[in-house]
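Trainee: Following this message is one structure expressed as structure tokens.
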């Protein structure tokens, strides 16, 4: 009862005091000229539940004093301890010197007795130091973010600091100072618990600190000094003072560290952004808290009479408009302390605002536009494309991958590159936004691989920079990408481009690299030189093959020009489809003829499964092979929909249909439950091929009964002579020193060269290696008989060729003429006018920045050769002086009849008629090769006359192989076998091991590998097909060749001006791929066809010694090098009539 009366008395005293103060304020205001209301002094709320000071006296000084005493008292103790420690150290140092002097004076006899107590003392000190160090290390581990306990503790302290700041925000709505009962105030209890934890954590930090003085002065310690002690004072006095609790906002500076501990912030930009934001916000909130304190309290020297009631958030607003120098004036500081603080804060705040805010905006604006993660769409596959991502490479890839001729490409393309796309590339992505997405990142970063969902991707495609200055470095980068991707997800299918053939060996070192599961390396140098080598064997074949594996839209031309027929063939591509059950049991030629005549499809190969279920690709296997159930066929057609006819064909329903467009899925087909019909088009392509056979290799082989050579061939095998490499795929000879194959200009002139291949190469000792082995290997395939091998003469820098020779010294019939392709004397010495092909290559193309000048050497060499003039009597006189006539001149001899089916000109008097193929880097430079064409500089390469005629080749045409390989992994196997002469993964592993071919003895197994299909050019001028050459139908020729000789025709090499009514002297030819049945033939046409291997073709040369694999070689039936000493006494055996008849009219070339 008394306490209640006492409380009421305090309330009355407070009321009277308030009223008197109010009256005095009002009188003062009335006497003032400016009538401005004055804020009342702060009144401490007093209730009977909370005993407070009876006089209503303010106790803010007690709270502040507790903090100041703690801070300065601790600082004094630390300084005192340091001073005493310093004095002790100085004294001990002086005493130590005295004792040391005494020890020296007393001698060593007393050393043992005097040192013993000192050692005991040192041991005691060491034990004490060890105990203190252990406690210090324990405290350091407890607060260190390197351990789990430390991280939990650091995060917990930060979270509790934010909680204490939130409590401050809540209490800021109350008066600055008020009476509160600790046992009833819930927020005060929580704040007390938080500060007890802060006190314990402060103790751990103090123990772990190396420098106690600096620890005492750091920001976090100051925050604890001015926030922890006042809480304990609040409990003792039953009072609450808002005071300096706003300093807890300074803990926000550590926000970025906490996020790094939690592994949330990983990039430098994100860390910097969070740092700037945390510093800016913590400074802003702390300054607002100080303004809130002084404005609501007033100035002490004014007896707190000039205070104003401002909420904390109004102070936050005031500080923001102050930092931004806007200053609306609606809220402003009235106290002297507040205004003084604003004077200094506006200087620092303005500087911080002017520097931090733009940087924050820049970091936010520079946030990766292409960050994020890929979201997989249900029922839709996606592939990841990385590597060399530029406008050119991406546009070429998308143009082929998303071509309309492909059958419903339901695949999303995800590009991953560490550089954001430029405006042009970004526009390209937007045009294909429904199927293309771009993400910025690196495949070397597992986090970025996870962003693009590499583990669920159908494949990963790696593009290479074909124009880089250092091909080996580019290959190394792509190999590292493969390693990173395979390390992240070993099962992912990878298709990568490689520039150099020797770098493919490094891929075999990757444990998870498995070509049997779909991994493929597209070596651009290997395929480029392989295509050029095929042009040496059958000019124009490289253009036809390049067009077959590229997606081209049909361009219709009404006028009767060579472009009309060329473009009709260009629209054909290679597709695969399972054959209908109606073909089961039929021979391959029968099915091939039926498809061509009735379905308007050209089938060139099948996937054959032997008795042990091993799969092999067989090209034109012959009439002995019967079609099996579920056989996969390889077709040449204009689009994928046409190829489905082979799958839908039903003899009962479609036998009498003449229009192939009406061949669709019939009722019989719907009732069948065939395994192939359950496969999607992509599955059909992916499941076919050698990927299912662990022991099979992608070799083009015929049916098992024909794998063993005839008895005559076995009898003629010389087991003591190594004629072929260990796989039996290539001709081989013992390694030769480069000095033995070097010809001087006079030696070359004395050696009558004809029907050979001249390789003009530009390169020096510093040039990147081209990889000439890839050019020579197709020309030395074992499915050529030895006397059919074309001699190869390299004309170029001997320094460069020495670097390449290590990979060439095992091939026969190779010579080198040191010189330059720009020297006409060197070219005449090698009889370039009598060569079958002149190849112009350059190893210096990528070292020039100006793309227009990258091909300058090749273009100059090509124009130099074309401008040369020859006397047709020179070659005849040179040959006749030794008793020989150059092949192709004497047509009365059977051996010198049409060269491989191609009639050599009676004489070549101008370089324009010399067969040339020039390698180009820049496609637009093709306009400089032919001076008589009218090609526009912006014309695509495949539309230009030099490419259509097979006289130019660029590596860019191989870009389409990336998408072709993805949709059908057998395509790359097929094309590599065609253009490389039969290279296999086993051979690549051997070359990777030894970097050279290894010789092997002739056995039935290795000789069986010679039984591979070959390409021939069939002349229509005379012979068994001469009656069809003059106005006959191509379809009749197709059927006759297939039935009579098992030869599969697939294209025409026609004179450019053959359609003109007036005769033309132009000898240029162009390629027509897969003409229709009714296409009219002309006598000068050359027909591309696939023919069987003829074991008897080499019998007439069986007596030739295969050990003479040098430049001094045997003569060929049609083209060879005629070396004077070695050919004088050669006798030719008579050949069988059938063999001679075939070789008279067929130009046999190997793929």
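Cβ from N, Cα, C; glycine included.
According to Swiss-Prot, the protein carries these features:
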- 91: S-palmitoyl cysteine (LIPID)
- 92: S-palmitoyl cysteine (LIPID)
- 94: S-palmitoyl cysteine (LIPID)
- 380-522: domain 'RCK N-terminal 1' (DOMAIN)
- 586-606: region 'Segment S8' (REGION)
- 678: phosphothreonine (MOD_RES)
- 680: phosphoserine (MOD_RES)
- 693: phosphoserine (MOD_RES)
- 697: phosphoserine (MOD_RES)
- 885: phosphothreonine (MOD_RES)
- 893: phosphoserine (MOD_RES)
- 897: phosphoserine (MOD_RES)
- 1135-1151: compositional bias 'Basic and acidic residues' (COMPBIAS)
- 1136: phosphoserine (MOD_RES)
- 1139: phosphoserine (MOD_RES)
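Let's see these features in context: how buried, what's close, how far.
Mentor: Residue 91 (S-palmitoyl cysteine) carries a helical DSSP state (H, G or I). In this chain, none of the residues that are 6 or more apart from residue 91 (S-palmitoyl cysteine) has a CB less than 8 Å from its CB.
Within the same chain, no residue at least 6 positions away in sequence has its Cβ under 8 Å from that of residue 92 (S-palmitoyl cysteine).
A 10 Å cutoff on Cβ-Cβ distances gives residue 94 (S-palmitoyl cysteine) a total of 10 other Cβ atoms nearby, all chains included.
Per-residue confidence over the region 'Segment S8' (586-606) averages out at a pLDDT of 92.
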Trainee: Where DSSP helix means H, G or I and strand means E or B, what are the helix, strand and coil counts for the domain 'RCK N-terminal 1' (380-522)?
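Mentor: The counts are 57 helix, 32 strand, 54 coil.
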Trainee: Quick test of the contact rule: Cβ under 8 Å, at least six residues beyond the ends. What residues does that give for the region 'Segment S8' (586-606)?
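Mentor: Apart from its flanks, the region 'Segment S8' (586-606) reaches 579, 617-627, 631-637, 642-643, 645-646, 649, 654, 657, 660, 663, 974, 1035, 1038-1039, 1042-1043, 1046, 1048, 1050, 1074, 1076-1077, 1090.
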